[in-house]
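As recorded in TrEMBL:
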type   : residues : note
COILED : 9-82     : coiled coil
DOMAIN : 1-98     : domain 'Cdc37 N-terminal'
DOMAIN : 91-252   : domain 'Cdc37 Hsp90 binding'
DOMAIN : 256-297  : domain 'Cdc37 C-terminal'
Amino acid sequence: RLQARVERMEQFQKEKEELDKGCRECKRKLAECQKKMKELEVADPESGKGELEKLQAEAQQLKNEEKSWENKLEELKKKEKNMPWNVDTLSKDGFSKSVFNVKPEEKEETEEQKEKKHKTFVERYEKQIKHFGMLRRWDDSQKYLSDNPHLVCEETANYLVIWCIDLEVEEKHALMEQVAHQTIVMQFILELAKSLKVDPRACFRQFFTKIKTADQQYMEGFNDELEAFKERVRGRAKVRIEKAMKEYEEEERQKRLGPGGLDPVEVYESLPPELQKCFDVKDVQMLQDTISKMDPT
């Protein structure tokens with residue numbers, strides 16, 4: 001009977017670990033998808049509309065999967081609750097989830113509320129966010145967040161993303177790469193908090209512990225995400241520059257418009273070469289002579 005009970009418990013534990021792993025992976029993919037959506041919306045919603053719609057569909061599918069995983073975990077919890085108590089069950093942790101620092105369920109904020117919250121936060125802490133973005137060493141980053149735990153939040157991550165794009169547009173490439181590193185640090189902390197369902201301020205030390213122990217798989221994941229993020233920043237910056245150039249060219253064209261809304265440059269380029277030459281040398285008589293020799297039509 002003891003052997004049978006031990007086998008049942010081992011099977012139960014294995015099932016629990018697999019469900020927990022699947023749920024965490026689904027949350028990680030969802031967080032990554034939402035992050036890409038946010039970057040697209042910040043950079044240029046119009047040009048990335050098709051990609052944004054694709055990401056929205058993917059996010060919805062991942063949300064459904066996440067709900068399915070959570071339902072299975074909930075059923076397993078109930079099953080564990082109803083298991084008979086014995087020396088084996090009492091000596092195991094069950095679901096390792098602290099009742100402290102658990103992040104409460106939050107009501108979905110409107111876009112207007114998010115924007116107002118972000119603006120207020122940046123106005124208050126912009127100098128501190130920029131200081132964090134310039135740090136290089138793991139220990140320095142950890143200490144600064146320990147001294148300023150209010151920075152461990154979505155608002156800081158959002159600001160750093162926008163700052164990275166601004167720096168790339170300004171062609172400050174080295175500085176962009178530095179700030180990008182700190183952006184991924186903050187995003188990894190936020191994703192860790194989501195997977196653990198705790199306040200980010202309660203788990204950022206766990207991130208630094210893991211990254212400083214040089215966990216190869218974790219470091220590879222971090223570096224891969226950093227390189228992918230820098231590429232996305234370069235792409236968004238390029239789109240923003242192209243958009244700005246188009247707007248500038250259109251403004252210049254509007255300034256040039258003459259009678260009837262014609263653009264002198266476009267009119268000049270549409271003329272035959274012999275007429276263009278007359279305008280180049282600014283010779284009225286030459287222009288009249290050239291026109292008199294041409295077919296009236």
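Numbers here mean position along the shown chain, with the first residue as 1.
The backbone N, Cα and C atoms fix where each Cβ goes, and this holds for glycine too.
Mean pLDDT across the domain 'Cdc37 C-terminal' (256-297) comes to 82 in this model. Using DSSP to sort the residues of the domain 'Cdc37 C-terminal' (256-297) gives these counts of helix, strand and coil: 30 helix, 0 strand, 12 coil.
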